[in-house]
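Enquirer: If you scroll down you'll find the structure; I have some questions about it.
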Amino acid sequence: MILEIPHIPVLLNEVQEIFKNLKTGYFLDCTLGFGGHSEALLKNHPDLKFIACDQDQQALKFSKKRLKDFRNRITFMQSNFSEVLEKISHKEELRGILADIGVSSFQLDNNERGFSVNSDFLDMRMNQNSKISAYEIINTYTKEQLTSIFKDYGELHDAHFIAEKICLERSKNLIKSAKELYQIIGKGKQNHRKISKATLAFQAIRIEVNQELKVLKDFLEHLENLKPKNCILAIISFHSLEDRIVKQFFKKWSKNCICNEKIMRCECGNNHSLGQIITKKAISASKEELLKNSRSSCAKMRAFYFNNLDNK
């Protein structure tokens, strides 16, 4: 049976380039999705063993079929990527870690998942076992809470006005679909930005539903505590707020000195670096990839090499 692939992995060539020198040990794909990145890496690294995680049951089910030829080298696990480091074995043997923290094309295009502005549902949960969906947020959050979401996560200047419109409409009838919400928010653009106001608002709601920024910070903090040895980490993000967080952590990890900037002379020992930043600038999709997959336009990848001396 030929499987119809529901998602194109972004920055596939660039991911393979980052991990090209891996030989043995374990590779952790924290956000397996539909297996595109892992499939390519499994083919090119025959001596690597894989731990593949995702919180989406549908994605895991599909990927188990897609990667069945590699079943002797791969362990599957359902988990949010912020929790996966606490659950896995072979931590000391990790040589590569990949986290692609975007929404898959399958999730965006699946009407029942409620991610798209054209959806008849209002859900947006990446983990369908989660209790809070977009429906609860839109219909129960206070005007102040909604304003905060649109301002902080969507960076929308008229966040208060959008929240006010939502509260007014739901006082008449509960908002039950993404289509309805789209009509309420409107189609306009946010000043000079190319992305529509509705897209930014939907993105903000999705971040709140899935606690995406908190999850990312938790994951990076767990890595910081773990201090992997001789391990490459690559993170693909699709939102400027996420990319900013990754950039800040990588910068922090690369520093030897952790003294207060106001101190004239180092007092910390100047030996706190966990490794080196591999990517001086975030890697973006090539022109060729953009032509094939327009959804890769927001993707940015940063990579870090852990070689901390304390763990040697």
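Cβ coordinates are placed from backbone N, Cα and C, and glycine is handled just like the others.
Straight out of Swiss-Prot:
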type    : residues                                          : note
BINDING : Gly35, Gly36, His37, Asp54, Phe81, Asp100, Gln107 : S-adenosyl-L-methionine binding site
Enquirer: Mind giving me a neighbour count for Asp100 (S-adenosyl-L-methionine binding site)? Other Cβ atoms within 10 Å of its Cβ, every protein chain shown.
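Expert: The Cβ of Asp100 (S-adenosyl-L-methionine binding site) has 24 Cβ neighbours within 10 Å.
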Enquirer: Per DSSP, Gly36 (S-adenosyl-L-methionine binding site) is which: helix, strand or coil?
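Expert: For Gly36 (S-adenosyl-L-methionine binding site) - judged by DSSP and reduced to three states - the answer is helix.
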Enquirer: In the three-state scheme derived from DSSP, which category covers Phe81 (S-adenosyl-L-methionine binding site)?
Expert: coil
Enquirer: Taking the residues the record says bind S-adenosyl-L-methionine (Gly35, Gly36, His37, Asp54, Phe81, Asp100, Gln107), how far apart in Å are the two Cα atoms that sit farthest from each other?
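Expert: Pairwise Cα check on Gly35, Gly36, His37, Asp54, Phe81, Asp100, Gln107 gives a maximum of 17 Å.
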Enquirer: Provide the number of Cβ atoms within 10 Å of the Cβ of His37 (S-adenosyl-L-methionine binding site), excluding the reference atom itself.
Expert: 25
Enquirer: Which site among Gly35, Gly36 has the most other CB atoms no more than 10 Å from its CB, taking these as binding-site residues?
Expert: Gly35
